[in-house]
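Below you'll find the structure, written out as structure tokens, and then a few comments.
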Amino acid sequence: MRKEENLESPLLSDGEPAPAYSEGSTYALVCALLASLTSIIFGYNRGVMSGAQKYVQEDLGVTDGQLEVLIGATSVYSLVGSLAAGWTCDRAGRRRAVALSAAMFLAGSAVTAAANGYAALMAGQLVSGVACGFGLVVAPVYIAEIAPASSRGFLSSIPEIASNSGILLSYIADFALAGLPTTLSWRLMIGIGAVPPLFLAVAAALAMPETPRWLVLHGHPDEARRVLARLAGDADRRLQEIVASVREASSKSCAGVSPPGVWREILVRPTPAVRRVMLAILGLQVFQQACGVAAMILYAPRVFSHVGITSDRAVLGATVLLGAVKTVAIVLPLFLADRLGRRPMLLSSAGGMAASLLVLGVSVRAAATWWAAAASVAAAAAFMASFSLGFGPVIWMYASEILPLRLRAQGTGIGTALNRVMSAVVGMTFISMYEAVGMAGTFYIFAALTAAAWVFVYACLPETKGRSLEEIEALFDTAGANKPSPRATPS
């Protein structure tokens, strides 16, 4: 076992990677891709209202105030889903939680597309919102536990890429269907989102294995070994490590070292190490949404109309450009997370977002001229690219890998719930905010919050690249975190 000093990492070090026990396998990649279908569906559901909202208003007579509540309420509903997802992951298993999220996505899209009034829209968004909360939790947890340490950063980036791909597909659908009759166009835009969940439900039932850590935690070590044999070259060694980690957690609980019950350990009487982990997770989730990304995703057409882009096709085309930039940029963390590390990517992302928001604020403050329109589109695209390079994918990767096994599902659920609350706040207040302080003032506020996010990452987050989940748990031990130590060395 690695000595304690080798498990420590100075807060601001770049971190030497721990030796990988196995290379990422094709099987792990397939499992990650299947789990990430939940993220594609989430992204589509999240982005489709950006272009559909105008036609919903025209067809059903929905007001701006009602629309603001409808869009923001989806994030509130997803709060319920994210909290329930942690419990479901722990009780029913990660794989069954994926199947359940697919079923809810299917039902939510169908109900919303068939709505004939505001109440029915809210009902459909309720189901879709709960499904979104599930999707945000189950994919990162599943992939973090199924992936080998050497490729966990690569595989853990896939859900965010999938989410951005879903957003881009929704923008393309909005653009392609905008020319249809109003009463049909928005229904098709939303209804298309009911197709992928059918495939996902079948895949979860027939092709996806349960994660080895959940199987060990629930007394199925033989089945866990069979899964590990397909994922890792040294299945016996990995199984021994997982079993030892579970036994240690159980022995501490029985001995009274930590309070029994996941919720008590996270919220009521956390250990210093758990408190530090939850501070990192909750801080990242707050700052991810405080930068205003939800406003850009949901209200980009309004922003572009504000600077003089009046044609519906031009507005939707500019929105598709944002989705394309966001999706292309999200591919980079797939290859960089395990090379550069989590901290450098987060710091670079926050700096780029803050600068882009300042430029966007200046451009929307100018008169409606061609250069202001071009500058606003360019700044919005740069913001999306910067977000996708770090704060989009890396916080989910970071959160899912720093939580101890016994707390991973429900801890991820709590972080996701806070993320959804912040998303709801941004989505439900953006129109009111820019009417009160101006569009430029709103983006200046987002820029200031993004600068605060940079400070938080620099001051509070240690590097985790290349370490196994068990090593990361030791890294966040308070004694190791607070005691000065030399740069970590491989054993």
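Using the three backbone atoms N, Cα and C, a Cβ is placed for every residue, glycine included.
Marked as domain 'Major facilitator superfamily (MFS) profile' by TrEMBL: 31-465. Annotation comment: TrEMBL describes 26-44, 97-120, 126-149, 186-208, 277-299, 314-337, 344-364, 370-396, 417-437, 443-461 as transmembrane segment.
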Listed stretch, out of 97-120, 126-149, 186-208, 344-364, 370-396, that has the most CB pairs under 8 angstroms to the transmembrane segment (417-437): 126-149
The transmembrane segment (277-299) versus listed stretches 186-208, 344-364, 443-461: most Cβ pairs under 8 Å: 443-461
Seg_contact(the transmembrane segment (97-120), the transmembrane segment (344-364)) with at least 3 CB pairs under 8 angstroms, min sep 6: no
Same-chain residues near the transmembrane segment (443-461), Cβ under 8 Å, at least 6 residues beyond its ends: 11-12, 279-280, 283-284, 287-288, 290-292, 295, 342-343, 346-347, 350-351, 353-354, 357-358, 360-361, 364, 391, 398, 433, 437
For the transmembrane segment (314-337), sequence-distant contacts whose Cβ falls under 8 Å of one of its Cβ atoms, 6 or more beyond its ends: 47, 50-51, 153-154, 156-158, 160-161, 164-165, 167-168, 170-172, 174-175, 178, 296, 300-301, 304-305, 345, 377, 380-381, 384-390, 392-394, 397, 465
